[in-house]
Amino acid sequence: MSQYMMVAVAAVVAVAGSSQISRRSTGGTQEQEILNELLSNYDMRVRPPPSNYSDPMGPVTVRVNIMIRMLSKIDVVNMEYSMQLTFREQWLDSRLAYAHLGYHNPPKFLTVPHIKSNLWIPDTFFPTEKAAHRHLIDTDNMFLRIHPDGKVLYSSRISITSSCHMQLQLYPLDLQFCDFDLVSYAHTMKDIVYEWDPLAPVQLKPGVGSDLPNFQLTNITTNDDCTSHTNTGSYACLRMQLTLKRQFSYYLVQLYGPTTMIVIVSWVSFWIDMHSTAGRVALGVTTLLTMTTMQAAINAKLPPVSYVKVVDVWLGACQTFVFGALLEYAFVSYQDSQRQTEQAKSRAARKAQKRRAKMELVEREQYQPPCTCHLYQDYEPSFRDRLRRYFTKPDYLPAKIDYYARFCVPLGFLAFNAIYWTSCLVMVSRLV
């Protein structure tokens, strides 16, 4: 009898052990069994049932969330910018729900990036894209997450170069508004409707937008006012708009400061003696060539546009002031040469008259006053006398032109600055 009891106990232990092994095996392969059961009758060619069960023919709602990881290479010439982002889409596919399958303690979600090719994915594309790629190092930077109720989260890391239609009328005081759109390529609004995540539609990695060399990201707005209507139907669209403010401090140092100094240097010509032709011409030509070179260098960084920019007004005015200084000397030199020609003719006429008078006069003793040369000493003018001579209005017309130019031209440049900067501030305030 004892032998029978021992055999019975051994049998019970063996059955219990095999049952425990079976439960452990079932727990270890639970996710695999869930996936096999979900995909057994799944057809990726058919879109999921509508999100709104009350409308059996309604569209699938795809909720979108974007995280901007990097913003760089804002190219004004090609009107484009580059950014790296994490693009997330979320939708409900009731065919993938596994809460009702009866598994004990099912997982909170299934992370299954390897079955992407077996699932229905929204055919989202970016209309403003010029170039883009997904990151594959060390593996494909994406994941798929399936929740018990059938909610699917698809996330992917993308680098994209997108076009941005820039308005450069206020360059370099401009604000740029760059639109980033996403649309379904094949499904109309009867099949897919996009909506932004109401909690956080766009997220920024810390530091993004504040480390750009010439711009600063000041604002991000989202909307859905970009629905595309074509002859094949209406396609839902979402839009993210980036507001980029150009950093003016760079252009103050590299553009406005140097050009202002060139204009001021050209005014030195008004203080140089009108008979110093070589010095005044060399100064005028040098400043004019420098101004032209700077203008060409600045325009090389901009696209050829058909409208006038505020920087064109500034450069044109500076070049006008520099060229005007050179023309002023040309006019002064011409007036001086005309005056000297008239004086030479007058002296020649007086000399001829004196010669004729000498021939008619009878020689007579002429009185010579005693020499008083030793009574006078050489006089060295003081600094005050020299300063007074510079600021005393002359009677000679060419010198009078130089005199007025010394004061009128700087005042004219100051008046231009007042009008220019006031107009710029008014136009910029209308954009903000």
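Backbone N, Cα and C atoms are what each Cβ position is placed from, and that goes for glycine too.
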**Prompt:** Given Swiss-Prot annotates R69, S155, S184 as L-glutamate-binding, which of R47, R88, R134 belongs to that site as well?
**Reply:** R88
**Request:** Return the single candidate from C178, C226 listed in Swiss-Prot as disulfide-linked to C237.
**Result:** C226
**Prompt:** Do S306 and Q353 sit on the same side of the membrane in Swiss-Prot?
**Reply:** no
**Prompt:** Hey, which of the recorded positions N52, S155, S184 is the loneliest by Cβ count within 10 Å?
**Reply:** N52
**Complete:** Per the Cβ filter (under 8 Å) with a sequence gap of at least 6 from its ends, the topological domain 'Cytoplasmic' (273-277) is approached by 329, 332-333, 336, 398-399, 402
**Fill in**
On average, residues of the topological domain 'Cytoplasmic' (328-402) score a pLDDT of 66
**Message:** Can you tell me which of the recorded positions N52, R69, R88, S155 is spatially closest to N219 (N-linked glycosylation site)? Compare CA atoms only.
**Reply:** R69
**Message:** For the C-alpha pair, I'd like the distance in angstrom between N52 (N-linked glycosylation site) and R69 (L-glutamate binding site), rounded off.
**Reply:** 34
**Prompt:** For R69 (L-glutamate binding site), what residues in its own chain, 6 or more apart in sequence, show a Cβ-Cβ distance under 8 Å?
**Reply:** M83, Q84, L85, T86, R157, K205, V208
**Complete:** Around the Cβ of R88 (L-glutamate binding site), other Cβ atoms within 10 Å, all chains included, total 18
